């Protein structure tokens, strides 16, 4: 009875007199009391009529409905702040935002109130009874727990306690006894989460998932693909840039190695030049010693000759003649040995200066190529340093990867490397070629007096002027060799001083002074006029004067070469030049098959040069040369700056060959003054024999050591007239020695 009275009193006060943790016991006790004493309950029926569960519509008959009603009353009290029995719009909005922690409560608020602005407990109960959540089964509740609450670990506890939709209001009010003791949820955060989710479905109905947005999925997929593709592209570009940079660094290292090898090669070049200078000094010392010996032999011969001339007795004169003859024989043997050591013919001294000038011009072109290669190297280094600086910044790697600067720098490095390689190959080939030329010729080419001195000495007597371009280093010949061959007139016709030469010297130098081509064709009459001084008839051994040609200006296609100020107006064609050349050569050929000079003439004539064997036998001439002939020969030799020196057989040299002429091996070739260049360094022969050192000209040494008064007497002994060559008089060695002996004895 006491418990029943308490229930009635609690119902009058809104069922809040009994604590929540005792409500289960009260319900259980009231049910037991009602079952045990139905008579008492029947006696108190007016009191039960005031129970709110029975007064509600629809009424609550079961225990679960009672628990649900109590939970709804608790929720209504929490939302009703002013305790007026109704939930206004402001109160529900504040509860949704603060207690349920919803930021956007518009949809929830409209779903809760609908058209009713004042919600009472009866309205809340009716909505709960008609709600879909109220009719949830155990499976629906478990699905809600797993999918929406996301607490699948409590599925077993819900299943054991048979939690259905009608039990959710008890979870929404957070009964500790029910949540902890029955559902066994010990985690506070899980209890709070479960309470908020249960309160949501009790007040606002079941949660509905929004429709699946395929556009978002597509956009997300495309974004993922783009992101992955961008990452892959960035990775590949970074890898490619690193490979490019590594390759560039490797090329730069190889470039530095090539530069170092070039420096080493230049050091070797300097050492080789120093060795060449030392060899030249030693060579000069040997030549000086040989000249001393020759001068001593000449003095001894002169002394014996003076003794022979001053002797009165025939016997003493014969003895002196025999001694002199012995000296001549010794000198002749020595000359023959030297002639055997030398090649078949000698080259004039002017070729040495022309080769030295060619070497200096080639060195200047090499220096220009070297400067260009060094400039390319500096540019490549600067670009590589810029790339390094760019890669050190934050966005430098991406900038370098997406730009074409790496390819450009790589191309510049390869170009600089190629230029250095070509420069090194050119330097090696040039060094080897000029060393071989020096070995074959037997004189210095790389070590010379310099380009200004060579230019002034070789172009001092010329009437045409060469003006180089500004961009090219100063050198006398602005065009190539082919340009000079085609544009310049024949050298013989340009200089009138060469026409006053004796026929012997003319014939000897005609093959060297002949031009390869003619520029302007001429008529037969001027050609015959030009043939006369170059190919003299045997009946006219000397021509004192020559036809004069009117100088005219010759236009040149090369802007670097100025017009010729004085040159003949008409030039010979190739046929007439060949006729002059062969007519001049035939004067040197003597039809004597038994002599040694015949074989030499046949081999030397094929090489387009005068026979050198006549130099040896010029000393054995039975005829004396007068002072007028010697002076005429010297004057003609001084007037011609381009022809070969005629003093091959010096009066004081006793048949020695001229020491300033070049020595060529049989394998060497000379094509009209142009040095043939080898196509490949591998084809160059490294076994070319080194010629003997040259000797200074005997005639020059004799002129320095002897007074001027002794020249006629010496010439009478050792010189041969040019008429011997023109008339074809030639004999063997024994006959010449005997005739010399007879003449001298007289």
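Cβ atoms are placed via backbone N, Cα and C, with glycine included.
Copied over from Swiss-Prot, here are the features:
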BINDING   80, 82, 84, 91  Ca(2+) binding site
COMPBIAS  537-549  compositional bias 'Basic residues'
COMPBIAS  733-746  compositional bias 'Basic residues'
DOMAIN    67-102  domain 'EF-hand'
DOMAIN    136-204  domain 'SAM'
CARBOHYD  135  N-linked glycosylation site
REGION    483-562  region 'Disordered'
REGION    685-746  region 'Disordered'
SIGNAL    1-14  signal peptide
TOPO_DOM  15-218  topological domain 'Extracellular'
TOPO_DOM  236-746  topological domain 'Cytoplasmic'
TRANSMEM  219-235  transmembrane segment
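Distribution of Swiss-Prot features across the structure.
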{"residue": "80", "record": "Ca(2+) binding site", "Cβ contacts under 8 Å, 6 or more apart": "86, 87, 91"}
{"residue": "82", "record": "Ca(2+) binding site", "Cβ contacts under 8 Å, 6 or more apart": "88, 91"}
{"residue": "84", "record": "Ca(2+) binding site", "Cβ contacts under 8 Å, 6 or more apart": "none"}
{"residue": "135", "record": "N-linked glycosylation site", "Cβ contacts under 8 Å, 6 or more apart": "165"}
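Residues 80, 82, 84, 91 make up the record's Ca(2+) site, and a Cβ search at 8 Å around their centroid adds 79, 81, 83, 85, 86, 87, 88 from the same chain. Under the DSSP three-state reduction, residue 91 (Ca(2+) binding site) is assigned to helix. Around the Cβ of residue 91 (Ca(2+) binding site), 17 further Cβ atoms fall within 10 Å across all displayed protein chains.
Model confidence over the domain 'SAM' (136-204) stands at 85, taken as the mean pLDDT rounded to a whole number. Under DSSP, residue 82 (Ca(2+) binding site) is assigned to coil, being neither helix nor strand in the three-state scheme. Classification of the residue listed as 'N-linked glycosylation site' by DSSP places it within a helix.
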